[in-house]
Amino acid sequence: MKGENKSTVCVKDEENLYSNYDGLPTEAEFDKSVETYQTTFLGKLIPIMRCELPLISLIILCYGCIVFTYTFMKDFRNVITETVLNKQANNWFKLIVFFTLIYITGYTERLNERYTISNGIKVYVLHSCGFLFILSMLVLAKDYFWFQSGWAEFITIGSTFSLRGLDFLGTVLLMVNHFVLSIYFVACEAIGSLLMTTLYIGFLGSIIPFKVFKRYLRVLILSINVFSIFTGYFVKKALQNIVNSKQKDYTYVYVGVLWICIGLFGLIYFLLTFIKKEAAKPLYIEEVKSNKSVNMLTKQAKKDKGGMGLTATLRSCINSKLLTSLAILCFSYNFSSFINQTNAECCYEAYYDFLVMNPSQNVKNVVVEKSLLINSFRSMVSNSISLCVIWIMLSPLFNRMFNKLGVLGFSICQPIFSELAAISMLIWATNNLNQIDDVKPAFNFSLPFSFTSNILMECNFAAFFDAAIKITKFAFYDFYVEYIYASIEVSKRSRYKNIVNSVFGKGGQTLGAVVFLLLEMCGMGSKTRQVLPIVFVMISIISIIAIFCCFYLNKIYKEADKNNKFITDDPFFNKSQ
């Protein structure tokens with residue numbers, strides 16, 4: 001009798017639940033309306049249904065805040081190396097950021113295991129707010145208690161400690177000063193990077209079915225680049241005001257940036273909450289019946305506990321051709337992009353030095369500020385990237401291109417442009433170093449031909465390929481790689497994405513930094529452009545390997561898509577054989 005009463009109550013509760021969603025279409029009706037809408041001109045550009053507008057608006061707004069926060073922190077961190085530390089410190093910081101990201105990635109994995117993926121990101125945002133607040137207090141203490149108007153500067157300059165034989169304390173205080181600034185630099189790179197590249201997309205994938213989410217991808221990539229243009233313009237103006245102010249005290253910059261980011265992180269936290277609530281609303285009646293499916297996927301994603309250390313990561317790569325292929329492609333992009341961007345920065349500096357020696361070559365016949373000249377090239381590259389990606393995303397032919405070319409056509413663009421960029425860097429640097437600086441590249445490398453030197457053209461070519469490589473990433477890589485991740489088993493998806501983006505993504509940049517540091521230490525060249533012959537060989541080898549990975553990913557993705565199954569994740573060595 002009790003069992004019958006309980007069964008009757010469950011049936012009534014289910015009927016009441018469905019009655020609340022009487023206006024919802026069936027899944028077949030909804031899919032048909034989506035297909036019909038996508039045949040229209042507007043549907044080809046922005047394939048978003050009217051009922052999805054509240055959710056996609058929140059997603060775009062939150063992503064915009066994340067992009068703005070990360071770009072804001074990343075661009076302002078350069079103030080540290082330009083005002084306090086030397087330029088070579090950037091390469092050392094890449095090493096520190098790499099190992100810091102490995103630790104933070106492992107920390108976020110533990111958060112996901114404890115709170116689930118959809119809640120782990122919110123805990124990460126709260127912890128980031130607390131860390132940034134503590135860091136801002138350290139910066140204030142450093143400048144107003146230790147240095148500037150504080151007692152530490154008085155002790156360092158005066159003879160109070162030296163008369164008492166306590167000179168070593170001055171060195172300790174300087175070490176503490178640089179230690180705080182180093183933490184600031186690392187925090188500005190690591191915290192926002194992980195949130196933007198891995199955690200947020202993982203969060204969306206855990207609460208939104210992929211067949212719905214894949215329609216959002218173009219809109220998301222489009223919104224990222226719109227916000228990037230706005231952020232680039234804002235940061236450019238801010239840097240101009242800082243440089244023009246001619247002040248030596250940058251405390252207001254350091255602390256101001258941190259407090260602005262704390263406010264933005266608070267906004268991101270609330271937006272994540274609203275997104276989760278909005279995503280829980282069903283689009284069709286069948287979703288009501290499987291309302292717990294997303295939570296089940298989230299729980300399943302916690303089963304794969306392989307660890308995030310270097311040893312565990314390498315072991316995972318050996319056991320997965322899929323993970324290794326994704327890792328190599330990400331590594332290839334980050335390595336070549338870092339090399340090309342570093343070379344471009346050196347070209348801009350060489351152009352500034354050239355203008356100092358030849359002021360008549362300046363268009364305005366006046367030598368501009370070095371930081372403003374470099375920032376003008378940076379802004380040009382950033383705006384070009386954003387505008388090109390926006391144009392590609394808005395093109396009605398974009399989906400047709402992906403359906404025609406597939407993963408292979410989109411993925412192979414990056415290694416090809418990386419190789420073209422390496423060839424361009426080598427030719428221009430070798431020619432201009434010989435004629436302008438009278439310096440030989442590493443191993444006395446020389447071209448079999450020569451042409452008129454032009455440092456400005458070298459800057460323009462470096463900027464062009466810097467933009468081209470990044471366009472292949474933002475327009476093509478970010479798009480097709482989400483399709484691949486969606487075809488990976490749920491239990492492995494989050495961990496694979498963390499390994500690829502955090503370990504191998506930053507690992508590519510770290511290797512570039514290590515290469516420049518080692519070559520300069522070995523006396524191969526005091527300038528980045530001098531060691532390009534060696535770098536060219538490295539980029540060529542990595543690009544060739546990446547092309548093979550493109551063919552492999554295209555093959556296994558086609559098989560999975562054809563059979564409507566997850567990608568077969570084969571190891572390199574079959575233990576059964």
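Note: Cβ is positioned from N, Cα and C throughout, glycine not excepted.
Quantities reported herein were computed from a predicted structural model and do not represent experimental measurements.
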Segment assigned the feature transmembrane segment in TrEMBL (from 92-109, 344-361, 470-487): 92-109
Kindly say whether the transmembrane segment (216-235) and the transmembrane segment (53-72) touch, using the definition of 3 or more Cβ pairs under 8 Å where each pair is 6 or more positions apart. yes
Given the transmembrane segment (53-72), its same-chain partners at Cβ distance under 8 Å and 6+ residues beyond its ends are 192-193, 195-196, 200, 204, 216, 219-220, 223-224, 226-228, 230-232, 234-235, 257, 260-261, 264-265, 267-268, 271-272, 274-275, 278-279, 281
For the transmembrane segment (92-109), sequence-distant contacts whose Cβ falls under 8 Å of one of its Cβ atoms, 6 or more beyond its ends: 81, 120, 124, 182, 185-186, 189-191, 193-194, 198-199, 307-310, 338, 494-495, 498-499, 502-503, 506-507, 509-510, 512-514, 517
